[in-house]
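Asker: Look at Swiss-Prot and you will find 7-46 tagged as repeat 'WD 1'. The repeat 'WD 2' annotation in Swiss-Prot covers 49-88. Annotation comment: Swiss-Prot describes 91-130 as repeat 'WD 3'. Under the heading repeat 'WD 4', Swiss-Prot lists 133-172. Annotation source Swiss-Prot lists repeat 'WD 5' at 202-241. As annotated by Swiss-Prot, repeat 'WD 6' applies to 243-282. Residues or ranges marked as repeat 'WD 7' in Swiss-Prot: 285-323. Sequence annotations record features per position, and here Swiss-Prot assigns repeat 'WD 8' to 358-399. As annotated by Swiss-Prot, repeat 'WD 9' applies to 528-567. According to Swiss-Prot, the feature region 'Disordered' maps to 820-885. Marked as compositional bias 'Low complexity' by Swiss-Prot: 844-857. Sequence annotations record features per position, and here Swiss-Prot assigns repeat 'WD 10' to 910-953.
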Amino acid sequence: MLYKFETKASRVKGLSFHPTRPWILASLHSGSIHLYDYRIKTLLEKFDEHEGPVRGINFHMTQPLFVSGGDDYKIKVWNYKQRRCLFTLKGHKDYIRSVEFHREAPWIVSSSDDMVIRIWNWQSRTCIAELNGHNHYVMSALFHPKDDLVVSASLDQTIRIWDISGLKKKMTTVKPYRENDPMRLQDELFGTDISVRLSLEGHDRGVNWASFHPTQPYIVSASDDHQVKLWRMNDPIVDTFRGHYNNVSCALFHPRQDLIISNSEDKTIRVWDIIKKSTVHMIRRDHDRFWTLASHPNQNLFAAGHDSGMIVFKLERERPLFVQNGDSGVFFLKKKNFNSFDFQAGRTVSLFHISKLPSNNGTQTMSYNQTERAILVSSDAEGGSYHLYKIPPKDSNTVNTKKGTGVAAIFVGRDRFAVLDKGNNVVIRDLENEEIKRCQIPFTIDWIYPSGSPGTILIQSEDKIHMFDIQQKKMLCEIQVHGVRYVIWSKDRNYVAFLTRDFIVLANKKLEQICMIHETVLPKSGVWDDNGVFIYSTSNHLKYLLQNGDNGTIRTLESTIYITGVKNNKVFAIDREFKNRIIEIDTTEYVLKLSLLQQNYNQVMTILRENRLVGKAIIAYLQKKGYPDVVHFVKDDRTRFNLALDAGNIDIALSSAKILDDKDCWNRLGVEALKQGNYQVVEMAYSRTSEFDRLSFLYLLVGNLSTLKKMISYESSDIMSRFHFSLYLGDVEERIKILQEAGLHQLAYITASIHGLTEKAESIGNLITSDGKSQLPQLPKQSYLLVPPSPINCNPNELNWPLLTTTKSVSDVMGENRFGVEQSTSTPTGDWESDEDIFSEGKSQQQSSQQQQQQQQKGDWEEDILIGDGNNGGGDDGGWERDDLKGLEKIGTDGFNNKQNDHVALFVPPQPGPSFSMIWARNSQFAVDHIAAGSFESAMNILNSQIGAVNFDPIKSMFMNIFMATRSSLGCNASTPSLLMPIQRKSAAPYITYGLGHLIERLKTNAYKSTTEGKFNDALSHFTYILHTIIFCSVDNKQEVNELKDLINICREYILGIKIELQRKELSIGAQKDSTLGRQAELAAYFTHCNLDPSHLILSLRSAMNCAYKVKHFNLAASFARRLISLNPNPDLATQAKKVFNFAQQTPTPSDIQQLNYDERNPFVICAHSYVPIYKGSPLIKCPYCSSCYLPTHKGKVCSVCQISEIGKDVQGLQVITIQK
């Protein structure tokens, strides 16, 4: 059996798989409903509305609904998309045991302890039928998958089959009765809608579960008489399966095989063979009773709920056993037949038959020797074995078979194969199965794989893959990859892909890592295509991976497949039903990316011109890679506008903005045009958005005063804008006029007076004093003439800023040669311009340059060629003449100015490669390497997935130390900045300063010393520092990894114990110290159960003995004294302990003494948050990093010991860097 997912929660009473998505619902005894994604192992949602245990749960087959029933007598229908309960069905009068949706009708069937089965219409939200007949609790009621039947199981020791065809007919047929017709009432009271077809009796005690077979007329039942029974609806024969030794909780049929699965309160799951009536598999748990089972409606997945959560599992591996037959096809084993599938013919041929299948429970491998046409099959199940088959010729059915024992076997040469035996040796054998050579490897071998070089194999050991030379018996190279599951070589054997559970690593044949990507879904299979692209599959997608790390999705898969080959745009695969499939794929996306990587711009332009862009993702990719000219190939105007702005192409952005005519587009276009100094476009953008203030200022800057004057009359309603315009123009009379229109006559008078407009000032003054009350304002003593500055450049043809010349883009270079002369393969010399020559972007400059070049060419032609001369072809071949001109021998060339030579090509610097920080982050799966690279966010994500880290404040300083310690500053000249040089270890990874030796030294010299001296706060800081530093450590071998794990346990025990002791001391000096003596004694007692060094355990026992003595718990004091004496303390302390022990033996503990929450005879662990004991068998959760124990109520909080991780979070586990010295 294979575990796929496991949860830790309260007791699970009900389970249901979603029919299409990788989800499972679990109803808990605590009253909560949990929705999990078992593929990514994550809790998605919680639903908490029931009061009391929830025993029934079921997904709807097509709608986004599920139904639940609990001990609160309520049936609730939920919508998981809306994340809420839609409605509640009430009618049962006791606990509800099971609920289920009908596959077609809008019905729900429910069973209850009120001895009634009810059928509900969830659309009308009413009960449409009651099934009465059982005289005890009805434990389950289920619909038949196809027929109109219901099966129920009850504690009255019977199983009933109910016929509901009458109910279905009644609910789907319109009755010809009126609402108050007496015949209608008679039909409802005495109609035979539901009848009992069968009542099955045979169990000696109550029946807990009964369910139908998906296709056969069978029923399976589980009972408290420890038996599982198989009933036949058309046959009185009953089969009984015995083996459980406690109540059987649930039983169901395997949907595709002749198997029955049952679970029981005896803490086992058993798989029964219907034919042989015997147990074929069994899962046993030590402390958890099983309560429920569920099977996936479409996949070979099962789930079981137990006391502390649930498990999702498979009975056996579903991966078909296959091996590639070069490029032409694939060999695969189906049942007991070896078959061959030809890619070109698309036909399957049976090769030969074998007598026994290899076990499918372990890891199976198949290797093919194309020269000798031999197939090697190995399995590590049942101790490991291998079989060697030689494919017989067409005219023979005899198969030459050799077999032997070994964990794994692969071909390593034309007539040699390697076997990994149980003794950790690699044995080389010939095709006659005779041993040729035996290689002893100095370290533990986990598995062996084929290698790309002849005479070598790949050896997997711990977190590394080694290449081993069989002849020389030595390691050639290695690569660090954790948990490799599959190794796939390219066709030319130059590249290899390593598939792990979470990563895909590409390397060359020297095992030098090329790239590594993280994959959230388990990679299933993969092959290399002819272009060097790795095509791989997950359970839901077909994907690709380039050697630079770029990856993407090719298409979605309806079911899981295993890729066997790739040719052009066809992917060949085999599914779990052993069917060979040919899948057409669109290779445009990865061919485009590959062409860019190989700088094959012809192919890139072909794809772009044919409009084969997949979507916005490709456009964003090209833009990210530095190809902004992709804007020429985009048709969507908004996307085209955005790309043009990013590329700084104002002309294309302007044309798109005119089509879109959106205010936001014009605003953005105006900002970009202003940056480039494009006056015309800025003017148009401001006009379209009616930003007249900005437009007027623009006119002032460029000196366009005539248009600015027109704006004054245009903005006649806005006095303030007109006044600003008059200030820009320096028009005093217009200013006075505007002030008068605004009623500001005094300001108008002052303006006219100081500008010397005497007549205008007098008329305004008379207007002011005409009422006889107002006086003329006092004129300023000093005044300045407000004249706007004159623009520097008033030439309307030169308002736009000149732009720098740029290099020609890929599309320009390819486009120039589209209809012209074909490019020469030789290097251009002399005055011929190459593709890297710069060109002018200004339209006027480009036209003048072309005219000048045409005029120059025209003049040269007129001087050298006589049009109409019949000999202008020259030579016999019709080539150009090369006649020597006489009389020019003594003439020099000084003074001739070749302007073309002055046109120096702009140097185009090469694109910078990836920095060392990028390489560190890209090539590593360790958080410490990402920290050294400065990629703190990805490091936090890795730590969250590995140890559940959520609080990074305590380790912030370590992040900065690691980041700074991997860089050295190299001083240069005074005028140049310093150079940062990386400090690296092997394989282009940063050097990590934290090591095991440093931590052990600090443990001994600081942490233990402070604890002995009673400086608990100092000791706490030392142990916490060590616990935090372990996350970032690098070690040399697996032994040191184990030492790190021991160090984590030591730090956890000391931190917990010190915190308990500090709280006890805090209570002992508080205002209520006398009232907390009992709690102080409890804390002192808990401290003695921390796994401390004997010298420190002596001190904790002394403290606990004194506390117990003070609160008169003499029996506990005697117990602590006994433990203290057994540790051989110093004589004084031993004498004191003996006195306490003798006194406690003579003096009984008072009966009215306060009882302590402490039982030394019952094993327990201490809750690190509440400091109370968690006795053996009680539910608990742990910190995913330091493994501190907590009560379940503290789930989701930050661990009190390590102060980093989230309590109870499911994680992958800490990965530590191992450096082979």
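Just so you know, glycine gets a Cβ as well, placed from its N, Cα and C.
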Asker: For the repeat 'WD 6' (243-282), find every same-chain residue at least 6 residues outside the stretch whose CB is under 8 Å from a CB in it, and list them.
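Answerer: For the repeat 'WD 6' (243-282), the nonlocal Cβ contacts are 1, 208-209, 211-214, 218, 220-224, 226-228, 230, 288-295, 297, 300, 302, 304, 306, 315.
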Asker: Could you count the residues of the repeat 'WD 7' (285-323) that DSSP puts in helix, in strand and in coil?
Answerer: 0 helix, 20 strand, 19 coil
Asker: Taking contact to mean three or more C-beta pairs under 8 angstroms, with sequence separation of 6 or more, is the repeat 'WD 7' (285-323) in contact with the repeat 'WD 1' (7-46)?
Answerer: yes
Asker: Suppose you look only at the repeat 'WD 8' (358-399); what would the mean pLDDT be?
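Answerer: Reported value for the repeat 'WD 8' (358-399) is a mean pLDDT of 80.
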Asker: List the helix, strand and coil residue totals of the repeat 'WD 2' (49-88) as derived from DSSP.
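Answerer: Residue counts in helix, strand and coil order: 0 helix, 23 strand, 17 coil.
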Asker: Give residue numbers and ranges for long-range contacts of the repeat 'WD 8' (358-399): same chain, 6 or more residues beyond its ends, CB-CB under 8 A.
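Answerer: Sequence-distant neighbours of the repeat 'WD 8' (358-399): 1-2, 316-317, 319, 321-326, 331, 333, 338, 351-352, 405-411, 414-415, 417, 419, 421-422, 431, 433, 447, 450.
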Asker: Of the residues in the repeat 'WD 9' (528-567), how many are helix, strand and coil by DSSP?
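Answerer: So the repeat 'WD 9' (528-567) is made up of 0 helix, 23 strand, 17 coil.
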Asker: Could you give me the DSSP helix, strand and coil counts for the repeat 'WD 6' (243-282)?
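Answerer: Reading the DSSP string over the repeat 'WD 6' (243-282) gives 0 helix, 23 strand, 17 coil.
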